[in-house]
Amino acid sequence: MKNQKKLIILTGPSGVGKGTVIKEILGKDKNIWLSISATTREPREGEQEGENYYFLKQEKFKEMIEKNLFLEWAQFAGNYYGTPLSSVNEKITKGFTVLLEIEVEGAKQIKEKFPESLSIFLLPPDKAELERRIRNRGTEKEEAIKKRLLRASYEISASNQFDFELTNHNVDETAKRIIKLIQT
């Protein structure tokens with residue numbers, strides 16, 4: 001893939017506010033395109049096919065893995081997630097900066113394959129705030145929440161493996177800081 005500096009990786013634990021920060025970034029800079037990931041998980045309320053995710057059956061996802069059609073892929077919380085390669089290449093070729101919102105293992109894969117990409121790890125203000133955000137979604141049962149919190153502790157311990165660590169205290173400020181990092 002040419003022009004790796006146009007590839008931006010945003011990662012962090014579930015509930016840290018990646019999606020909210022990204023909405024703010026996209027509203028401020030029209031030259032940044034958000035890559036749409038594929039997943040085998042069920043859509044959450046309000047999520048649209050092709051807008052939030054490409055929702056795939058597990059068989060289709062595995063077929064795409066076998067054909068090397070993902071930039072990266074990983075299994076998380078019992079579901080598969082991946083970044084379709086074709087759309088990323090197309091947008092970079094057209095001159096866009098491509099922003100990838102992906103989980104930590106996928107982010108590590110991309111950083112290894114594309115070392116010139118910019119990787120940013122988004123941190124919560126603290127663990128209590130992270131738990132509050134996950135619970136306030138109201139979309140998951142207690143067992144799933146506990147899994148996400150356990151996974152978050154592991155992921156946060158890997159935050160120093162990325163180019164930048166940013167704590168998401170304020171969405172607007174975090175978005176501005178990320179745009180500044182992209183532009184430098």
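The count begins at 1 with the first shown residue.
Every residue, even glycine, has its Cβ placed from backbone N, Cα and C.
Quick look at what Swiss-Prot annotates:
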DOMAIN    5-183  domain 'Guanylate kinase-like'
BINDING   Gly12, Pro13, Ser14, Gly15, Val16, Gly17, Lys18, Gly19  ATP binding site
Mean predicted confidence [pLDDT] for the domain 'Guanylate kinase-like' (5-183): 92
For the ATP site built from Gly12, Pro13, Ser14, Gly15, Val16, Gly17, Lys18, Gly19, further residues of that chain with CB within 8 A of the site's CB center: Leu122, Pro124, Leu130, Arg133, Asn168
Least Cβ-crowded entry, counting other Cβ within 10 Å, from the binding-site residues listed as Ser14, Gly17, Lys18, Gly19: Gly19
Least buried by Cβ count (within 10 Å) of the binding-site residues Gly12, Gly15: Gly15
Number of other Cβ atoms within 10 Å of the Cβ of Val16 (ATP binding site) across all protein chains: 27
Cβ atoms near Pro13 (ATP binding site) (within 10 Å, other residues, all chains): 26
